[in-house]
Amino acid sequence: MARARLAKERPASTPGKPADRRRQLHFAAFLLLADAALVALIVAFVPYTKIDWDAYMSQVDAFREGERDYTKIEGDTGPLVYPAGFLYVYSAIKFLTAGQVFPAQILFGVLYLVNLSLVLLLYVKTEVLPWWALGLLCLSKRVHSIFVLRLFNDCVAMTLLHAAMVLIVYHKWYLGLIIFSGAVSVKMNVLLFAPSLFLLMLKAMSIKGVFLALLGAAGVQVLLGIPFLLSHPVEYISRAFNLGRVFIHFWSVNFKFVPEKYFVSKELAIGLLIFHLTTLMVFAHYKWFKHEGGLFHFVHSRFRDATSIQQLISCKPRQSILSKEHIVTVMFVGNFIGIVCARSLHYQFYSWYFYSLPFLLWRTQFPTVVRIILFVVVELCWNVYPSTAYSSLLLLFAHLLILFGLWSSPAEYPYVDKKDKADSKESGKAM
């Protein structure tokens with residue numbers, strides 16, 4: 001029955017025209033060159049903004065001098081709150097730059113271009129946007145600043161996340177999970193993608209495969225944390241993986257209209273968490289697993305179709321090759337739901353979802369002019385400094401409107417069948 005439903009609901013295959021793909025590739029190459037020139041100009045002529053760099057270097061110095069107690073590794077902005085991968089990455093950066101800002105800016109300029117290349121690859125492969133809309137990925141003043149004027153660890157974490165997504169859209173699940181775990185070790189915001197990734201793994205892999213992939217990801221965390229886990233495990237885990245931190249109301253771009261005493265309350269945190277989990281569940285059941293009859297039907301069918309425990313553990317679902325568009329959609333939407341429900345969003349957190357905005361907007365059925373207006377509104381809200389009650393209200397409205405657009409849009413067919421693969425190969429030959 002499930003197979004018949006999939007066949008009935010599957011739309012006709014419409015691979016992109018070779019000419020359109022060539023145009024996208026040529027424009028993507030142009031964007032990389034143009035943005036490289038822009039980054040060089042920013043580094044050369046725009047004053048560096050001193051925020052966290054000195055704190056990062058102080059924390060790295062403590063680590064390199066042998067300190068392994070996380071409660072004693074601090075900088076001028078406070079204690080170290082990131083997992084061990086952060087220390088390794090910034091230790092390498094300090095080694096390459098001698099702790100100097102200008103060479104670090106050059107390094108982060110290269111990182112910006114690597115990240116942009118990975119994102120452009122995702123967009124070109126999914127073919128969700130018209131070629132000209134790729135230019136939106138290069139238009140954020142705030143994101144350029146986050147990368148080359150502030151040198152935040154968010155930049156490293158999101159570059160690794162996008163690298164993991166590229167591997168996953170090519171169905172390199174195990175390696176993708178390793179890189180994903182590496183991204184988490186630099187900054188834990190990447191965990192906002194985790195529920196979506198787990199659901200995709202259930203669709204694409206056997207239960208045994210899911211377990212092994214998660215085991216590999218956990219192994220990365222243990223391996224990176226060994227120096228701290230062996231000496232001060234409680235201090236490391238409580239500081240590096242603290243999910244209960246409360247951010248400062250003044251710096252938040254989101255929910256600034258909420259009075260501070262309510263903003264820091266547990267009631268707001270719990271309410272947003274419930275809304276977050278509920279929205280994820282609703283999207284999973286009615287959108288991401290629509291073609292399988294819903295999330296619960298999919299899970300039930302995995303058990304129902306198995307004739308033995310061994311088959312349940314070792315066999316993949318009947319259809320398990322996921323389309324690139326479906327993978328990217330589920331990952332980006334799942335993360336965006338987390339962004340909408342985040343109590344506090346500091347300015348550097350814009351990098352967590354900016355690169356998904358054009359994709360999300362074109363997954364809605366809004367007219368193109370509305371998509372562009374929403375993109376501009378979000379960008380403007382992130383460039384109001386300091387944020388105000390009005391700018392945060394406008395940002396929340398834009399977020400909710402995008403979320404509504406995603407909910408009301410038709411669910412994409414999630415799988416690749418033999419005909420799709422044959423069409424893809426023919427399209428590749430034509431190119």
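Placement of Cβ uses the backbone N, Cα and C atoms for every residue, glycine included.
Automated prediction, rather than curation, is the source of TrEMBL annotations.
The transmembrane segment feature in TrEMBL is assigned to 27-48 (among others). Note on the transmembrane segment (27-48): residues 101-102, 105-106, 109, 112-113, 116-117, 120, 123-124, 131-132, 134-135, 137-138, 144, 147-149 of its chain, located 6 or more positions outside it, place their CB under 8 angstroms from a CB of the stretch.
TrEMBL lists 104-124 (among others) with the feature transmembrane segment.
Marked as transmembrane segment by TrEMBL: 151-171 (among others).
Among the features that TrEMBL reports, transmembrane segment is placed at 177-202 (among others).
Among the features that TrEMBL reports, transmembrane segment is placed at 209-230 (among others). Residues 68, 70, 83-85, 88, 173-174, 177-178, 180-182, 184-185, 198, 201-202, 236-237, 240, 316 of the same chain lie 6+ residues outside the transmembrane segment (209-230) yet bring a C-beta within less than 8 angstroms of a C-beta in it.
Only residues 6 or more beyond the boundaries of the transmembrane segment (268-286), in the same chain, are considered here, and those with a CB under 8 A from a CB of the stretch are 195, 199, 246, 255, 258, 262, 294-296, 333-334, 337-338, 340-343, 403, 406-407. The annotation transmembrane segment is assigned in TrEMBL to 268-286 (among others).
The transmembrane segment annotation in TrEMBL covers 326-346 (among others).
Among the features that TrEMBL reports, transmembrane segment is placed at 366-385 (among others). Within the chain carrying the transmembrane segment (366-385), a Cβ under 8 angstroms from the stretch's Cβ atoms is held by residues 136, 139-142, 253, 347, 350, 357-358, 391-392, 394-395, 398-399, 401-402, 405, all 6 or more beyond its ends.
Annotated transmembrane segment per TrEMBL: 392-409 (among others), in sequence order.
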Beyond the flanks of the transmembrane segment (151-171) by at least 6 residues, Cβ under 8 Å: 51-53, 56, 82, 86, 89-90, 101, 104-105, 108, 111-112, 114-115, 118-119, 121-122, 125-126, 177, 179-180, 182-184, 186-187, 189-190, 193, 197, 200, 204, 321-322, 324, 327-328, 331, 348-349, 351-352, 355
Top partner of the transmembrane segment (392-409) among 104-124, 177-202, 326-346 - counted as Cβ pairs under 8 Å: 326-346
